[in-house]
Amino acid sequence: MAVMHVGMKMRIACCSLIYRKALRISLGSLGGKTVGNVVNLMSNDVNRFDMTPLFFHYLWISPIQVVFILYFMYREMHMSALIGILAILGFIPMQAFLGHRTSVLRHKTAVRTDDRVRMMNEIIQGIQVIKMYTWEYAFSSLIYRARQNEINVLKHTSYIRGVIMSFIMFTTRFAIFLTVMSYVLMGNTITAENVFVITSYYQILRQTMTVYFPQGVAQVAEASVAISRIRKFLLTEETDVGDPTPIDPNWRIKPNRRKYKKERDMAPERLLLPRGIWVENAWARYGDDVCLDDITLDVVPGKLTVIIGQVGAGKSCLLNMVLGELHPFKGTMYVNGVISYAAQEPWLFAGSVRQNILFGQEYDRVRYRDVVRVCALTRDFSLLPYGDKTIVGERGISLSGGQRARVNLARAVYKVADIYLLDDPLSAVDTQVGKHLFDECINKYLKDKVVVLVTHQLQYLKHVEQIVILDEGKILVKGSYDYLQESGLNFAKLLEEQLAIDDASEENKVQNILNKISIHSAMSMDSSGLERRFTEPEEVAEMRTIGAVDWLIYKEYFHAGANWCVIAVLCIFFFGAQVFASGGDYFLSQWVKIEEHRTSHHHSTPVETYYSLSRKQCIIIYAILILTTVTVAVSRSFFFFTICMRASVNLHNKMFRSIIRASMRFFQTNTSGRILNRFSKDLGAIDEFLPNAMIDTFQIMLNLLGVVLVVSLISYYLLIPTIAVCILFYMLRRYYLYTSRSVKRLEGITRSPVFAHLNATLQGLTTIRSHGQEMILVDEFDKYQDVHSSAWFMFISTSRAFGYWLDCICVFFIAMVTLSFLVMEETSFGGEVGLAITQCIGLTGLFQWGMRQSAELENQMTSVERVLEFTRIEHEPELESKPDDKPPPDWPQEGEIEFRNAVMRYSTTEPPVLKNLTFVIQPKEKIGIVGRTGAGKSSLISALFRLAYFQGKVYIDGLDIARIGLHDLRRKISIIPQEPVIFSGTMRYNLDPFNEYNDETLLMALQVVEIKSALTDGIACLDQIMAEGGTNVSVGQRQLICLARAIIRNNAILVMDEATANVDPQTDRFIQNTIRTKFSQCTVLTIAHRLNTVMDSDRIMVMDAGNVVELDHPYILLKNKLGYLTTMVNRSGPSMAEHLRKVAQESYEKRYGTSA
C-alpha cells in the first residue's frame, strides 16, 4: 500500500510538472506534435510510475532469495539443487533482453500514440468542417492507418509479454525436472521428503522469479522510457513571458531573479520613460522564417495606433513580439507597463461568461457593468438562458462567433493595464456593433491608455493618430490618416475608397443622436439586467454505467477479436496447457511413489504394471510432459495476444466510426477532454493492461482448478475445505467488486476534466500568459488532479485490503489441508501428502495475485465498457442515399434553394433557433445574409447542411434534402467556414485528402487565390507542411486556403460564412472578385458583417432572432426608411451609408436597367 502510494505521488508530481511546463513552453515549440505529446505523456507515460515502485524492489529481493533458497536446497539434494537453480537463473538474461526490447518498443509505441492522439485532437476541433466537406472517410483511413502503425509495435510488445507470462507455467517445473533428473542420474533415490521440500522451495521462487522479477525488469525499462520522454519535454524551450511561479515558485527571492524581470521592461525604468512601447530596428523570427524585418515604432498613451496590412503581413507577429512571445534577434525593444491582450482567435474556457471575462480578477461591479456596456454584450446577456452565468462550453461552443469575439475583448478590457494589444477584435462582429466597439470601447473607454489595434476595418481610421501599414514583415509607412493619403502608396488609396466615417456636420448631429439612441436601445438595457438572479446552469454529466460489468461487454470484446470457432480453439489451448502442467505435477508424485515402492520392496518386480516403469521411462514421460507444457503455454500466449490486439484495433475503429458519425449535439455537450480520455487512457488500458489481467486471471483460475483436481485425486475428503475456501473467495471477491468497480468508473470520469483543462490551456497560452493568470490555471488543474487522486487512492486502498484478506484465507486453507493428513487415519503415500501440501502452498501467493488480477480484469473491462458507450451515442442520418432516393450525378444543375416552414433547434429540448422560415432562392442568385450577432445566420447554414434537428422542408432543385444521404447533399455544397480549419500535413492533403484531383488543378486554385508560395514555388508548394491548426500561417491565409478548397470543388451552390472577416479590405475585394468570376454560374449565399461586401448582391436577407425579416434587392430595401437594412446602413456613418446606397443603386440598375 505504502509503495503504491509512493508511485501515485510520483505520477501526480510528474503530471503537475508537465502541466506547469506546458504553461511556460515557448510559442515556437508549441507547433508540430506538442499537443498529442502532452496528452499522451499525461495519459499513458506517467501511468508507469503507479506500478514501478511495487515491482522495482523485486530486482534486489529476488537474487537474495535465490541465494538463501539455494543454500537450503543444497543441504537436501547437493549439486542437483545447483543445476535446477542455474536453469532458473538461465532465464534471467532472456528476461533482461525481453525487458530491454519492451522499453525500445514502448518508446516506438509512445511516439505513434502521440501522433494518433494529436490527429484525434485535430479531428475533434475541426469536426464541423470535416462533416461539411464530407471528409469523414479520408480522416477515418488516416486514423486507421495511424492506429495500425501503433498496433504493429504493440503486437511485438504483447508477444514479449506473452512469453514472460508463460514462464509462470513452466520455469519452476522445468527446474524441478532438471533437479530430480540429475539427482536420479547421479545414482540417488528420490523420496517424498526431498522432492517435495525442494518443490516447496521452488514454489516460493516461482512467484518472485517468474512473475515479480520479469515484471520488475519490464516496468523499470518502461518507466525509464517514460522518464526520458518527460525529460525531453521538460527541456523544451521556455518563454520568459508571464508568471514564472508555476515552474519556479521561489523566483522572487533568488539572487538571479533579474533574469525573470524581462530586459525589455528594465530599460524604461532606468530611463524614467513614461508608459509605452519603443521598438528600434527590430528583427524577429517565427520558426526559421524572418517574420519582422527592421521594425521601428513608438506607441505612447492617449495615441491610438492601428496596424493594417494584407494577409500574412506580420501584424500578429508584431503583437507577439511586444508580448515577448517572439524575441527580436536584432535591434532593441522596450515595453514599460502592464499588458492586456485580446487574441485574434477568441479563447474561452469551459465556465460561465462572467468567469471568462473576469479571468481571475476581482469582481468590480461598476467596472464590469461598464465593460459589458462598451463591449456591446448587455443585450446578448439578456438573450442567453442564464445571463452572464451561462456556461459557454469548451472553446465557447454555445456562443456565436461575434459573441465569442466580444467576450474575448471584454476580458482584455476588464483587466486594469497600461497597454492594450487588440488583435483584430472587430472582424467577427457586424458593422453596427463594430462601430459601437470602436467608438465606445477603443476610442472612449481606453482613451488614456497605450492601445495597439490590428484591424482590417479601414472605415474607422480617419481620426487615428498613428496608422502603421505592414507588408511582408516591413513597415511600409506610418503616420496619420492625412499623411497616408498623401503618401502615394497604392495601399493607401484604399483609405479613400473605403469612405471612412466623417465628422458629423451640424445637420447630421440629430441623426447621430437618434443612431446612438437606437444603438443603446438595441444593445443596452437597464443595467440592473446584469444583476438579475439567474438560476445556475448545469453542465451535461459524462456517461457512466453502474452495477456489474455486463457479460455482454466480455462477449463484445471477444467478438471484436475473433469468431467463436477461434475462441473455442483458444479455450482448448488454455485447458491443454493446464492439463499438461498439472499432469506433470501429478506424475512427479507417482514417480516418487514408484521409487518409494521400489525401495520398500528391495527392487523386486512389483505385480502392478504401473510400478513396472523404469527410471528411464519415468524421465522420458516427465520430460515429454514438461516440453509439451512449454510448447502449449507459449503457443497459447501468442494466440491469445493476437486475438487481444485484433480486439483492440476493432474496438478503436468501432468507436472512431461512431464518433465521426455522431451528431453535432454530441460534440457540443461533450468536451474534447472526455473524448480524448477514451481515445488515450481507456484505449491504452485495453491495449496493455487488460490482456495482462485477463491472461493472468484465466491462467490462475485454471491453475486453481488443477490444484483442486490434484488434491481431490489424493483424498476426496479434501474437497470439502477446498470448496469452502472457493466459496469464501468468491463471496469476498464479489463484495470487493461492488466497491472497486464503481471507484474505477469514478476514476475514469474524474480523469476527463484533467485532459479537457490541459487542452483548453494549450489553446489559450498567449492569453493566459499575457494576463499573468498561470497560477489560477495551475490551481484549477491541481483541483482536478486532487479529485482524480482521491478516486485513485480509494481504488488502491480497496485492492490492498482485498489482498490482505485473501492471504488470511490462504493461510487458513493450508493449515486445514496439512492438519487433515495428521487427523485422518487412512495411510497416504508421502509423495501424495507432499504433492497436496506443495500445491496448496503454491496457491497462496498465486491465488492472492490471481484474485486481485480477476478483480483488476473487471476494473479494466470498465475501459471496454467506456469505449463501447461511445459506440451507442446519437448518430447523424445515413451518409449515403438509398438506391431509390439517390440524386442524379449532375444534381443540382440549377442551384435553386427553397425553405418551407423550416424550424431548426440544436437540441430536442431547447427552443428553436430558426422559426418557420419560408423563402425561395433562385438559381445562380447571389444572396447576402446580414443581421446582428446571434440572429441565426450561421444556424441557417447548419439547416442547409442538416447539422442539427429540423422540421419542415428544404428543397434544392426541387429535391427534398431530408430524403437523400448526408454525403450526397454536403458534397454538392461548397462552404468557406467562419473559422478556417487547417489540419497538420501537406498543403495537398489540406486541399484534397481523397486525392481526387491532379496537382495542376490544386495549383491553379492556389494561384487563383494568390497564395504566395503557389506563385513563387509552383507545384512544390503542395508539399509545404502545415502545422497543427495551421499555426504556421496567418488566419487570413487559412481563409484563402478554404477559398481554394471551394474553387476546386466547383459546385452549383457556394456558402460563405463570414469568410472575409479576418482579411484586409484589399484581399476581401480580391476574394469578392474571385467569387464573382469563378462562381458566376453558382448560387452564392454570403453571411457578412461588412455591408459593403454584400451590397451589390441580387438580394439581401436580413435575419433577426431566427426569423427572416426582410428579403429583397438592397436598393428596394433601402427605400423603406424604417427597415432593418436601412437602420444598419445608417449606423455605419453618413459617408459609408451614402457609398452603400450608391453601390446598391448601381447594382440594381445593372440588373434591371433602370432605378425604380
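The backbone N, Cα and C atoms fix where each Cβ goes, and this holds for glycine too.
No curator has checked TrEMBL annotations; they are predicted automatically.
Positions annotated as domain 'ABC transmembrane type-1' by TrEMBL: 1-210 (among others).
The annotation transmembrane segment is assigned in TrEMBL to 55-74 (among others).
The transmembrane segment annotation in TrEMBL covers 81-98 (among others).
Residues or ranges marked as transmembrane segment by TrEMBL: 163-186 (among others).
Marked as domain 'ABC transporter' by TrEMBL: 277-497 (among others).
Listed as Cβ neighbours of the transmembrane segment (561-581) (distance under 8 Å, sequence separation of 6 or more from its ends, same chain) are residues 169-170, 173, 625, 628-629, 632-633, 635-636, 639-640, 643-644, 646-647, 650, 698-699, 702-703, 705-706. Annotated transmembrane segment per TrEMBL: 561-581 (among others), in sequence order.
Look at TrEMBL and you will find 568-859 (among others) tagged as domain 'ABC transmembrane type-1'.
According to TrEMBL, the feature transmembrane segment maps to 619-645 (among others). If you look at the transmembrane segment (619-645), the same-chain residues 6 or more away from its ends with a CB under 8 A from one of its CBs are 151, 154-155, 158-159, 161-163, 165-166, 169-170, 173-174, 177, 180-181, 184-185, 558, 561-562, 566-567, 569-570, 573-574, 576-577, 580-581, 583-584, 587-588, 591, 613, 687, 690-691, 694-695.
Feature annotation from TrEMBL assigns transmembrane segment to 704-732 (among others).
Residues annotated as transmembrane segment in TrEMBL: 802-824 (among others). Residues 711, 715, 717-718, 721-722, 725, 728-729, 732-733, 736, 740, 833, 836-837, 840-841, 843-844, 847-848, 851-852, 855 of the same chain lie 6+ residues outside the transmembrane segment (802-824) yet bring a C-beta within less than 8 angstroms of a C-beta in it.
What TrEMBL records for 897-1130 (among others) is domain 'ABC transporter'.
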Arithmetic mean of per-residue pLDDT over the domain 'ABC transporter' (277-497): 81
